[in-house]
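Visitor: Take a look at the following structure, please.
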Amino acid sequence: MVEAAPPGPGPLRRTFLVPEIKSLDQYDFSRAKAAASLAWVLRAAFGGAEHVPPELWEPFYTDQYAQEHVKPPVTRLLLSAELYCRAWRQALPQLETPPNPSALLALLARRGTVPALPERPVREADLRHQPILMGAHLAVIDALMAAFAFEWTKTLPGPLALTSLEHKLLFWVDTTVRRLQEKTEQEAAQRASPAAPADGAAPAQPSIRYRKDRVVARRAPCFPTVTSLQDLASGAALAATIHCYCPQLLRLEEVCLKDPMSVADSLYNLQLVQDFCASRLPRGCPLSLEDLLYVPPPLKVNLVVMLAELFMCFEVLKPDFVQVKDLPDGHAASPRGTEASPPQNNSGSSSPVFTFRHPLLSSGGPQSPLRGSTGSLKSSPSMSHMEALGKAWNRQLSRPLSQAVSFSTPFGLDSDVDVVMGDPVLLRSVSSDSLGPPRPAPARTPTQPPPEPGDLPTIEEALQIIHSAEPRLLPDGAADGSFYLHSPEGPSKPSLASPYLPEGTSKPLSDRPTKAPVYMPHPETPSKPSPCLVGEASKPPAPSEGSPKAVASSPAATNSEVKMTSFAERKKQLVKAEAEAGAGSPTSTPAPPEALSSEMSELSARLEEKRRAIEAQKRRIEAIFAKHRQRLGKSAFLQVQPREASGEAEAEAEEADSGPVPGGERPAGEGQGEPTSRPKAVTFSPDLGPVPHEGLGEYNRAVSKLSAALSSLQRDMQRLTDQQQRLLAPPEAPGSAPPPAAWVIPGPTTGPKAASPSPARRVPATRRSPGPGPSQSPRSPKHTRPAELRLAPLTRVLTPPHDVDSLPHLRKFSPSQVPVQTRSSILLAEETPPEEPAARPGLIEIPLGSLADPAAEDEGDGSPAGAEDSLEEEASSEGEPRVGLGFFYKDEDKPEDEMAQKRASLLERQQRRAEEARRRKQWQEVEKEQRREEAARLAQEEAPGPAPLVSAVPMATPAPAARAPAEEEVGPRKGDFTRQEYERRAQLKLMDDLDKVLRPRAAGSGGPGRGGRRATRPRSGCCDDSALARSPARGLLGSRLSKIYSQSTLSLSTVANEAHNNLGVKRPTSRAPSPSGLMSPSRLPGSRERDWENGSNASSPASVPEYTGPRLYKEPSAKSNKFIIHNALSHCCLAGKVNEPQKNRILEEIEKSKANHFLILFRDSSCQFRALYTLSGETEELSRLAGYGPRTVTPAMVEGIYKYNSDRKRFTQIPAKTMSMSVDAFTIQGHLWQGKKPTTPKKGGGTPK
């Protein structure tokens, strides 16, 4: 694996093979913790890794079942507790050695490291318990490691605020790396200084300077900043520390110090560290490469003790191979506790490093990443692969052009979505092309003064912001994607809403304050403006902003009344009063309709999935783009340099001169009055300007298209948010009761013009005409997310529903009849013309559902109440052609009084529905009484025979006649759906009577065997309900009509309307009080059946509207395994074309049979099909239905029983002998098979003849 080299001054040559490691999903944290801890304690007890017996090198063994166990010798050592005492004696010989486990536990308790289980401290009995309690032993080992680390690092200096040993060790490593960085930069500057006079007096010619130090810049190392144990995962910090103390053993050129560290690079560095520890440290390196790479939280103590051993080796023991490198400011291991200097020359030097401000330090003044830290470092709770490798690696943001690499932005470009969705780390491709105005040439010299520290947050701080609920601090100068509400700085220093720029433009940033603004999700006062867009709060909007052209596709509305967070966060908000928002809306806020909000949430979740998929694809393309840029040399960037400077200047001039971007992607005046210098905040522009390679143009176009698609999806989600806000907002009309209000986060008002009308008043408002209120935007209110991604304008509009009255009916449609469409047609166009307000040529909508009957769209215009309440409303009342299934604004010209009439009609319809539900409930009770009386009368008349056929069929007519008034009263208002329901009930009544009439005939003429047996089984008529309800789709009349003869309760009407019954109709007001009050057609009083026995959801779907309330105890009724047998025959017993005729014959027999339980007869345990039997529930005899076998099988003949597993398509033998409803197959005793025994003697007897 490693080819060692002599430690001479010559170059070290090491050959490494990339080792095979376990992926993160296969890496077992608990197993890794046990292995590392046992290896450490064994090495500590035996005085070094070389003294451990070979049989104990691997503490685990694998048994024949592939299960890992601790080896018995290790177990014996742990149970005797001798191992711990020997480890104490070897590691701390100057201290008193505890003689027994109790003394050891007392000693650890005195030192403050009490080993504890999750619920209590470890006792001596736990250490001697058999079988071994590994958790107790691991707790003792952790306490030993902590005690040893404290003892070894007594001389470790550090800031007084750092009370944790982990913090002090990380501070030591970070300080050592910082000093090494300064030393390296000084050496690079000295090497570059002799070449400076060759440039002449032309500092404005950066190309010559780049040529001179091209070799140096190409090999410039990027030193990491260490703020947590996660930063050690790349191995760069540890390897650099080893180089500082042992430069002759590990040269700096041997260490991989790159900015985007791949897994192979990290493994290379970690192998260097592992080899050094194994060869130089007394206890070696008990951690595996996976442990060092993934840095799991359970191994935190193990990593800390490894750092402590390194410190003891380098600073306390100081063996011969430790030859400390001469670093600036004295000794490397003597960091100044309170005056640690910040890294120098970290902007444009040959070894660029950007130091992120540590999350636990105060924000004032330059400081070291760990100075003044209080509290504990928070390690990331997420262990995803990317985050485990480089969660807190720091990225350099202002590099030379020759070093354009990927960097990690702690907040994504759309940070409000990323924070909610839990994806705070997105690898973005950064390029210095067209990121800002051209900078002067000295900005790239190695002696550039450092920028102000504390510009961007660390990943840990981003996670802290995500996982903390109280008001949080946003890091100074956070990336533009990081959005926050209501900065304490006021409107003077607003933040950009989006880091995306329109193509061909460059957007300067305002200077960020050093004090971090406070992130307040729920502002208390609406007086402070929200820094939504540059120039929004401090400057009045341009006149062109009021035109639809400027606002039609703008993702962020200027002067919006309420600033909303992301769509995902919005679902978690409570219903808030809107009084303090200054909008004049009513104060009563009833709860929003749950069904409507759930549908909207489901649709938004699908849109979110699409957005994340496009974002992931965009990140992949950006990664490819970054790698491609890294492969380019200095000469390619030199060609780009002059064009970039001119292009950026033109872009800046264009931005200053132009008004709003076409399509309203950027408000007018956004760049006015802004400084031309760009600070350290980063933006990402899809258009990267001229590039030296054709491939870069393709990458740019792909990234731009994906970014455009992503922004359009997010605009769709925002329009969904606005639509839901309008639909659920309370009305303002006087004299009308307010409907359920929307979820509102009270926000600021930016001026007198900012108070837009209430969302409820804007329900039918349009994109094209301004509303009745003094709003600047024709589409108000726009509760946009400040971090909306903005790109080239796309003609993409999600138009809300035409009429709010159609929305309560959405819950009455089924996915089968009206599919909820979530198509999101994405226009990936590079140059899209601005959207014309009148023509709307490229209108793309995301339909929320279908609009219904063409007869009901003119609500509020004098249409009758019946037409208003129809379930099927048309998309357009103005005669415009209907496009797809989208909702469009068509009623934009209706005045306010018509809107008030609409609201009043909506309330009236709701009252009418409640009254109608009460009437329907009363009518159902009357109908049940009539059915009970008719059933009793028919039961008495059935005794003579089939004579009641003449009198029973006409009896079906009184019930429809009696229902006629109710039908006339309710039908016109309910529309087609209600009429179908009443017709279905009439059919149900007819079929019930026909079923009862034909039952005696079926019992008398159904065959000698089955008919007689059925006559003695009064309960058999109720057994098919649930089974037939689960039956696969067949012909509407043919196969189901035969079920009348099998006394099925599933009537013809429910079969013919089965598709309509699956509509998911929800009528909570028409629910029956209890399922026991419903009378199934086949439940006759003379059949001695109990109502609660046979409650089946398939008996009458029209009259049993999905009761979900409390139920009485229900005895389990006999269910059918017909379809399990069907599945077994089709996929297991008689699968394939060869057996298809036999399978079809048997399936026909199953369909003809009236039995509920079928069993397959196997020849023997090899499960060879022989016959199909039916089980009699009373006699427990099996009767052959088809196949070969005994005609009747008694329980004494059964040898084995089997159950079929539909998922695994196989039979499993049950260790029982009793037949039950869960048995699907059986075998009989071998001597009962008489088929082949007579044939063998015949052959033998025929040979003498």
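Cβ from N, Cα, C; glycine included.
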Visitor: According to Swiss-Prot, one residue in S334, S585, S756 is annotated as phosphoserine; name it.
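Guide: Among S334, S585, S756, the residue Swiss-Prot annotates as phosphoserine is S334.
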Visitor: Among S23, S560, S566, S604, can you tell me which residue Swiss-Prot lists with the annotation phosphoserine?
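Guide: Going through S23, S560, S566, S604 one by one, Swiss-Prot flags S560 as phosphoserine.
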Visitor: From S351, S487, S530, S1100, name the one Swiss-Prot lists as phosphoserine.
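Guide: Cross-referencing S351, S487, S530, S1100 with Swiss-Prot, phosphoserine lands on S351.
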Visitor: State the residue range annotated as coiled coil by Swiss-Prot; the candidates are 69-103, 384-418, 594-628, 1154-1188.
Guide: 594-628
Visitor: By the record in Swiss-Prot, which of S685, S758, S1031 is the one labelled phosphoserine?
Guide: S685
Visitor: Based on what Swiss-Prot says, identify which of S368, S380, S863 is the phosphoserine one.
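Guide: Annotation hit in Swiss-Prot: S368.
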Visitor: Using DSSP, how many residues of the domain 'Calponin-homology (CH)' (203-312) fall into helix, strand and coil, respectively?
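Guide: Residue counts for the domain 'Calponin-homology (CH)' (203-312) by secondary structure: 69 helix, 0 strand, 41 coil.
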Visitor: Count the other Cβ atoms sitting within 10 Å of the Cβ of S193 (phosphoserine), across every protein chain shown.
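Guide: Taking all protein chains shown, S193 (phosphoserine) has 11 Cβ neighbours within 10 Å.
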Visitor: Could you give me the DSSP helix, strand and coil counts for the domain 'CKK' (1109-1243)?
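Guide: So the domain 'CKK' (1109-1243) is made up of 36 helix, 37 strand, 62 coil.
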